[in-house]
Each structure stands twice: as C-alpha cells, then as structure tokens.
C-alpha cells in the first residue's frame, strides 16, 4: 500500500491510469473504509465504520447495556424505534425528527406512535458520545440499526452483524406513518399486506412479530379482548384474561403497562410463540398468527419448538427490514443531532 501515494494516484487523470491500477485503487478505498458515505444506490456494508469510527459498536453497546440494566422495558422500546422508522419512507431516521411548526410534521405524533414510541434519550446519548469520538461520521439511521440489534442481544437474543452506510433524511412523513405501520388489531391478511408493502414476506412478518418477546403494551391496546368470546378463535384463555383484568382494572381507561410476553418478559426467546399455542397472545395481531389456519400457524409451531430456528429467521428478517430503501450517497445527511436537520 505504501507505493500508492495519495497525490500520485488520485491526482492523475483517470484516463491516464491503467485499468488494473484503477481497480486496485477502488479496492484500497473500500478496504480502508475511509469514505464518508457510499456511492448513490450502493448496497449497505457490514464493515462501513471499521476505519472511520472503529469504536462505534463498543460505544453503542455500552450505552444500550446501561439503559436496559436501568430499565428492562427499554430493550423493547429501542427495538421498536428501528421497526417504526423503517416502515415509513425506509430506514432513514425520519422517526427521530422533532416536529417544528410550519417546517416538519414529525412522525412521533402519528396515531401508532403517539404516547407510545420512546427511548429517544438513549439514542441522543449514543449520538453525543459518537460525535465526540468521530464527529459527523455515524448516521442516526445507523444508530437505530445498532440499538435494535444490541437491545435484542443484551436481552439474551441473537447478536447478528449489522449492515451500515445509511444517511439521515431531511424530512418526516406523519401521513405515511399513519398509513404504513401495522396495527394491534390487524388480522393475518392485514399483516401480510403491510409487510409486503415494504418488501417483507409472511415468514419475515411472523419472525419479526417475535420482537414482542420483550416490551410492554398499554391496556387500551387489548382492552376489547378482556371479555372472552368462546366463539372467537383468537380469544384469550380464561385464566390469562382473568390475570389481565387484575392488571387493567379500568379497562381501556387504564394507563397500566402489561408484559407482551407473560412467561419470560425480559428474556428474548421463543416463549412468545409458545404462549400463542395456549391463547396467551396479548394483542389480537399476535394471537391471529396461530389462530388463523395456514402458513403463519405452521411458522408459530416451528418457532415454538425451536428457539434456534426463531433466532435465525429473526436475524435474517432484521437484516432485510434494515435494508428498506436506505438513503446513501449524496442523499440525506449525517445529522449532528438526531432530532433535528443540520442547519
């Protein structure tokens, strides 16, 4: 590498260089990882920050670990941020933008997000630490991908490699957030369509639903399920319904939070699927995965029997979700603060 100086190689006119020399130059640039951003339309890369910010993963993991140790619920909240970001105009950090009257109508106030999405202070703490370590290098969209993976990993789930190189959007889209984000009352047809809309398969959908292995839900998201209907195949088991009624004494008016997985609420594992086999899926959109005959039921059975099969498919689906129309190249920017577009 020492024979190729910056001046002799990169200041020469491209036509004056042999093709093999140009190819070597490109390979050296890619290996060095020194590029501030990927070329327009390029796929994301696994080792994008190896040279430009080599401590990025260590810094993110430390902040996430500390946040989850302080509050176990935070793991589910951070995982959800990445999910709710990617489903709206791609994985571009748009969810993080604060609303500014007459300028930006933020997604945080969309119906599926209002008084629900949280964990922004953790993302801000990570961004501040990274701006000290490697200013202007790591995008907020990439931070969301990191924190989702690390939240799962520190909760006992799989730790998969993360693809990187996203840039941050200059805009948010509240209307699209209201339209694209799956609802807690969706049936299987609705869920499959919502995931297909962003290029994800039914298998991806069932695997990603396993994210409900951690986290909590407010009583108003499942209050209609507290009165068992013996004719409804998605109805809660009577024993589980009785337990939930004790936790939600005021029904939909209660602000109480209930574990999405009643069996191992802070452990990322396949107990979520086992719960569905005994009609202990908290949300309607959870229970329909098993109560509806077909491919989703088969997958629930598979994941309930094999935690390794779930972990593998979840990791694959997370990589696919993280690659939904990212901004690269000259598009977007690397925000200095995740809540605001750079001046």
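Backbone N, Cα and C atoms are what each Cβ position is placed from, and that goes for glycine too.
Unlike curated entries, TrEMBL annotations are predicted automatically.
TrEMBL lists 85, 88, 90, 92, 94, 107 with the feature Ca(2+) 1 binding site. With a 10 A radius on its CB, residue 92 (Ca(2+) 1 binding site) counts 28 other CB atoms from all the protein chains.
Taken from TrEMBL, the feature Ca(2+) 2 binding site applies to 261, 264, 269. Around residue 264 (Ca(2+) 2 binding site), the C-beta neighbours below 8 angstroms that are at least 6 residues distant in the chain are 213, 271.
Annotation comment: TrEMBL describes 53-134 (among others) as disulfide bond. Cβ neighbour count for residue 53 (disulfide bond): 20 (other Cβ atoms within 10 Å of its Cβ, all protein chains included).
Here the Cβ of residue 91 (disulfide bond) has 29 other Cβ atoms within 10 Å, regardless of which shown protein chain they belong to. Summarising the annotation, TrEMBL assigns disulfide bond to 86-91 (among others).
What TrEMBL records for 140-338 (among others) is disulfide bond. Residue 140 (disulfide bond) counts 29 other C-beta atoms within 10 Å of its own C-beta, drawing on all protein chains shown.
What TrEMBL records for 219-248 (among others) is disulfide bond. Taking Cβ-Cβ distances under 8 Å and a sequence gap of 6 or more within the same chain, the neighbours of residue 248 (disulfide bond) are 219, 223, 226, 254, 256, 258.
The domain 'Plant heme peroxidase family profile' feature in TrEMBL is assigned to 43-342.
Annotation source TrEMBL lists signal peptide at 1-34.
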